[in-house]
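In Swiss-Prot this protein carries:
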BINDING   N10, L12, G37, E58, D83, S100  S-adenosyl-L-methionine binding site
Amino acid sequence: MNKNIKYSQNFLTSEKVLNQIIKQLNLKETDTVYEIGTGKGHLTTKLAKISKQVTSIELDSHLFNLSSEKLKLNIRVTLIHQDILQFQFPNKQRYKIVGSIPYHLSTQIIKKVVFESHASDIYLIVEEGFYKRTLDIHRTLGLLLHTQVSIQQLLKLPAECFHPKPKVNSVLIKLTRHTTDVPDKYWKLYTYFVSKWVNREYRQLFTKNQFHQAMKHAKVNNLSTITYEQVLSIFNSYLLFNGRK
């Protein structure tokens, strides 16, 4: 692999695996797709065959030039040479996002596509352990993401599917946007609440009596088995106790 390639990327080259991924994406001929990381253009080419338009964002200069040459005659593909973390997704246009993201930037990128885009569906190839962390409502990331999207695994991708072979397995996941569980006017309060909640700084949020009432109202018997819905209930109690509702 070229030494200048950014973010230590691992590439999917197997036609069989690429086709399996495409089948899971549920894209239509009318769909506009934003792809994170053009890479060598293998997935980009297949995306363009089943969608209306693909805008693919690639930071690495070597890969951008390589894919530009490969895809220059494909009228359905637009390539952009930019860092995805600096890219601005459109506000009004309907679109979906697809991407295989660098493992060590997973948190930054998933926050970017969930909180700074209006994509209805987001398909990401991520490290398997990271996927599990997105579901963990005892972590900040899980509690933030769940307010905007539902997350599900679509496909397991063993390390052998990639070149060079990584040390971990990956999965294809789908994030489906739903109506937000936390209105914009309460978002800053929610992020503050979450920061204290995951660190078990309950006294920063409630008096002893308030905490007992909030837990009772949410029907929480054991904090270790608490659900996302129960955390939301406790947050609503926090708002009420602070005169925000």
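Backbone N, Cα and C atoms are what each Cβ position is placed from, and that goes for glycine too.
Overlay of Swiss-Prot annotations on the structure.
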residue: N10; record: S-adenosyl-L-methionine binding site; contacts (Cβ under 8 Å, 6+ apart): S100, F162, H163, P164, K165, P166
residue: L12; record: S-adenosyl-L-methionine binding site; contacts (Cβ under 8 Å, 6+ apart): L18, I21, G39, H42, L43, S100, I125, L157, C161, F162
residue: G37; record: S-adenosyl-L-methionine binding site; contacts (Cβ under 8 Å, 6+ apart): Q9, S56, I57, E58, L59, I84, G99, S100, I101, P102
residue: D83; record: S-adenosyl-L-methionine binding site; contacts (Cβ under 8 Å, 6+ apart): L59
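Secondary structure from DSSP puts N10 (S-adenosyl-L-methionine binding site) in coil.
For S100 (S-adenosyl-L-methionine binding site), the count of additional Cβ atoms within 10 Å of its Cβ stands at 22 [all protein chains shown]. Largest CA to CA distance in the S-adenosyl-L-methionine binding set (N10, L12, G37, E58, D83, S100): 20 Å, whole number.
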